[in-house]
């Protein structure tokens, strides 16, 4: 059985709101500069190609395409790039032992036969491995991207060619984002019964626009802090009428996918976009949860002077004990070279903060919420935006001062760099197991938010140990009796904090 969590255990976050940019705030040249190539030439080196100008001028919505089977039930940038994407998926598979082992063990049994899954996650090589695993386990899926900048177009093309209804491309507008999500939820002759969400947008749209569909949902699996918070808000308001599993706070996802991924990818993101030399740079990390911890540790290791801001005294004490100076943002905002947000909150960096940043200050977001940086506050007539690289904007003030904004305030690591396939394998395994659990046990769970049981967390970890030639010690009968444990686990109580 899964263990319900109280809403008080989740840090307060805010909904990611989508605001139309003021037409008077951005010059036409700035808008034209926001066109994107098939894949960022800075971000995904093995698929670095630039589409023709004709391709760039046509929205995928208006570019009617067919895959080799004749299906038109997809919308991607260009299905002709599918060979590049298939290579990316194959490379990812070789670095994702957990999810591949799970696929091999369960594909004959097909535990998801009859499952109709709406997916709204990042669309990249790693998530493609999860998507194709779910299909091999018997599910039918329809998929959209949860982030308008993180999609690998070639990977989306490969999925479309394989017959998977996918609606995603890099550089979607806000209107196109919601159109894509609507297309995956509502399809003639198909009704979803499971949701795999990253941020809560699929859940939100289905509940708001298709309430009859929502009534048929067997369960929701959510993998982000922001999305989990939204689920608890629904539960608190009596609007969550289906069971949901919070995989974000499962031990394996939270500790490995969040901490280790961010520790690796923050450096990759900053290097690819700005060519920065880290040694001696002053950096402020806003938030010292697992994301902030990973970023701070990595940047400190490169010789940066790292400051931390926190609202939580426990996290603040951890930062101080780890050797970081805990400050208020106003104390350092004029002097730091890099600002990284990692809170999941709203307006952590305001226009007033940005007005006081030094010339050349780099600003980016590592938290899931796209509202951490008040980007909309930068779309005013007196400021000039210049796109200098894919996902890199120079924003100039009238006095000539300039700041560097990465990925327009969205997740910088998934927008501007690659991420470790191995740690994504951990998260993907927990997501797949959670979907199987909800689908195979209808009626077992009430309309509440649950955690994966410890036994499943331990199983996910065990799937990845062989990669390191790691050998677990086994308890003797005497030892297991002394500790009151089953020799096969679980080895820790649910309240244990790793």
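Cβ coordinates are placed from backbone N, Cα and C, and glycine is handled just like the others.
Here the structure is a predicted model, which means the values were calculated and not measured.
Residues 49-70 are the range that TrEMBL records as region 'Disordered', among 5-26, 27-48, 49-70. For residue 310 (NAD(+) binding site), the count of additional Cβ atoms within 10 Å of its Cβ stands at 23 [all protein chains shown].
For the binding-site residues 289, 292, 294, the greatest number of Cβ atoms within 10 Å around a candidate Cβ is found at 292.
If you draw a 10 Å sphere around the CB of residue 293 (NAD(+) binding site), it holds 23 other CB atoms from the protein chains shown. Largest Cα-to-Cα span within the NAD(+)-binding set 289, 290, 291, 292, 293, 294, 310, 413: 22 Å.
The Cβ of residue 290 (NAD(+) binding site) has 21 other Cβ atoms within 10 Å, all protein chains considered.
For the domain 'S-adenosyl-L-homocysteine hydrolase NAD binding' (258-419), the model gives a mean pLDDT of 94.
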